[in-house]
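For reference, the structure is listed below as structure tokens.
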Amino acid sequence: MNKKQKRTLARIVVALVLFAIIYPLPLEDWFGSPMGLYVEFALFLVPYLIAGYDVLLKAARNIGHGQIFDENFLMSVATIGAFALVLFPDSDPHMAEGAAVMLFYQVGELFQSYAVGKSRKSIADMMDIAPDYANVMREGELVQVDPYEVAVGDEIVVKPGERVPLDGVVLDGTSQLDTAALTGESVPRHVEAGAEVISGCVNMTGVLTVRVSKPFGESTVSRILELVENASEKKARTENFITRFARYYTPAVVIIAVLLAIVPPLFFGQSWSDWVQRGLIFLVVSCPCALVISVPLSFFGGIGGASRLGILVKGSNYLEALGDTETVVFDKTGTLTDGTFSVVAVHPEADVDPDLILSIAAHAEAYSDHPIALSVKEAYSGQIDRARIADVEEKGGHGVRATIDERVVLVGNDKLMAEGGVDYHDCSLTGTILHVSLGGEYIGHIVIADVVKEDAAQAIADLHAAGVKRTVMLTGDRKEVAAAVAEQLGIDEYRAQLLPQDKVSEVEKLLAEATGKGKLAFVGDGINDAPVLTRADIGIAMGAMGSDAAIEAADIVLMDDRPTNIAKAIHVARKTMRIVRQNIVFALAVKFLVLILAAVGVANMWLAVFADVGVAVLAILNAMRAMNVKKD
Ligand code: ADP
Ligand code: MG
């Protein structure tokens with residue numbers, strides 16, 4: 001509890017004690033009638049003002065700002081009205097109720113601010129991955145500096161128990177890293193020299209020397225924090241609906257309340273006190289706070305819960321859409337497969353040295369980050385001499401073209417060869433074929449194979465179990481490879497040999513085929529598919545291995561690249577939406593019921609207070625459930 005909340009609590013306790021003392025006093029017996037009533041009025045005014053003076057002040061101030069129908073106003077009018085019933089000495093006195101309404105209202109407000117603060121804090125804790133400092137060597141001594149001051153290429157030392165402050169590559173040392181805060185993965189990751197480390201992980205066992213590869217502003221932690229902070233700006237339709245609803249609902253109820261208080265006594269000779277009281281009860285119930293607070297809180301909780309699983313959702317609108325996912329479209333390389341190809345075979349043409357093929361391919365791919373390029377460079381044992389390379393051009397979905405030792409080199413698929421007029425031939429092995437031509441002459445091909453991620457088949461099965469109707473794989477790879485992968489994973493459909501732009505048009509076709517409110521999610525690693533991520537209803541990117549462009553373009557980022565998290569995200573989304581709907585239905589049902597009871601004169605103020613504060617508290621408790629997610 002913060003200071004302000006403690007002060008409010010103290011005021012509530014004092015007011016409550018005073019209230020409890022005044023309530024049983026036999027004032028009528030002591031002072032007679034109507035004097036006893038006036039004394040009671042004056043006495044109840046004390047706890048009322050102690051508990052609610054700030055509400056009255058806020059109401060007055062907001063009216064000054066032109067905001068009339070806010071909850072402070074409603075509470076002020078309702079409670080002042082209850083006290084004003086003293087002017088109708090023929091009716092039962094209602095001062096006690098006026099004071100009580102204010103008291104309970106404040107209890108509810110306190111609870112709300114506590115709950116909101118708590119869930120914000122637990123998300124902040126979960127997101128407490130921001131490092132405070134980095135250890136760098138300065139003049140032979142290890143000093144702590146602000147991570148912002150560390151430059152790319154600097155060496156930092158991460159001791160056991162410390163958080164890795166910036167992304168980098170391990171130069172020295174071995175250790176276990178706890179990545180749970182980032183990926184939800186509870187098994188520690190072993191790292192040694194050469195391994196990449198991302199900021200935000202906790203170093204558990206050994207001292208690591210790390211060469212920084214990204215400035216702090218672009219490091220993983222900064223990117224995650226930015227995503228989470230901006231998430232609340234993208235509101236779900238439901239959230240916007242509630243805001244709009246409150247804007248009409250409140251004035252409408254106030255008008256009905258006024259009519260209720262005035263019309264029957266004025267035109268039908270009914271008792272003023274009775275109908276004014278009904279009008280006041282209307283006002284108390286009319287507060288839409290249960291909805292206005294609990295709906296955003298539920299989404300907030302859902303986003304927080306998802307982030308605990310290593311799923312970053314960039315806004316509640318995406319969480320809402322995810323619940324209605326009907327079609328999931330996947331990219332193959334890097335998304336369903338782990339993107340580390342291994343060289344299966346090198347098939348040289350007659351009289352060509354196999355090493356030449358690998359060396360030429362590795363040089364041509366020197367500047368590419370495509371998973372294929374990375375694997376070729378990995379397989380090549382020699383050094384890459386960048387001075388020999390010129391005019392590099394990477395053609396998405398085709399391969400690369402470069403000039404090496406002043407000779408034109410093409411490395412890529414049959415499309416690239418056909419385009420370059422190279423006389424190539426096919427290979428009988430299943431796998432991705434990397435044809436290589438040197439100076440216009442075909443020198444052979446490299447057969448590479450990619451392994452599917454270990455949880456890819458499970459991911460597809462989980463999606464089908466979650467009610468996803470259609471799974472489709474899009475790939476630029478050969479038909480044979482696509483068919484084999486689709487078969488192995490149980491994917492419904494595939495489209496092969498697509499160029500990056502073809503992927504966009506395929507997704508557009510699929511979007512057109514979707515029924516009603518069924519949504520389409522596209523899952524990719526961002527290499528050649530960032531435009532598709534933007535085009536789909538929901539773009540889901542692989543965060544650990546995906547490119548920055550993908551993380552930027554995507555609506556949802558899977559931090560640990562595990563496709564099984566898609567179905568988990570759908571479950572979190574559906575649970576959140578369920579909670580949101582429960583809250584809306586419950587709050588509105590109780591309120592309408594009490595409104596009707598008030599109109600026919602059955603409800604009293606106490607019931608009205610429950611309908612307002614009680615419902616708000618229950619809705620908030622329900623909303624907080626959205627944050628609880630099962631890790632497995
Ligand atoms: P996917 O759709 O499976 O993610 P891409 O669209 O990235 O694959 O690539 C499709 C095809 O284009 C690859 O299978 C490969 O034949 C060729 N290709 C793309 N980039 C390269 C590259 N850098 N080097 C060689 N071939 C490439
Ligand atoms: Mg890809």
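From the backbone N, Cα and C atoms, a Cβ is placed for every residue, glycine too.
Per TrEMBL, the features are:
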{"type": "DOMAIN", "residues": "130-229", "note": "domain 'P-type ATPase A'"}
{"type": "TRANSMEM", "residues": "9-25", "note": "transmembrane segment"}
{"type": "TRANSMEM", "residues": "37-56", "note": "transmembrane segment"}
{"type": "TRANSMEM", "residues": "68-88", "note": "transmembrane segment"}
{"type": "TRANSMEM", "residues": "100-117", "note": "transmembrane segment"}
{"type": "TRANSMEM", "residues": "248-268", "note": "transmembrane segment"}
{"type": "TRANSMEM", "residues": "280-300", "note": "transmembrane segment"}
{"type": "TRANSMEM", "residues": "584-600", "note": "transmembrane segment"}
{"type": "TRANSMEM", "residues": "606-624", "note": "transmembrane segment"}
Secondary structure composition of the domain 'P-type ATPase A' (130-229) [DSSP: H/G/I, E/B, coil]: 20 helix, 36 strand, 44 coil
Touch test for the transmembrane segment (100-117) and the transmembrane segment (280-300), at least 3 Cβ pairs under 8 Å: yes
Local confidence of the domain 'P-type ATPase A' (130-229) - pLDDT mean: 85
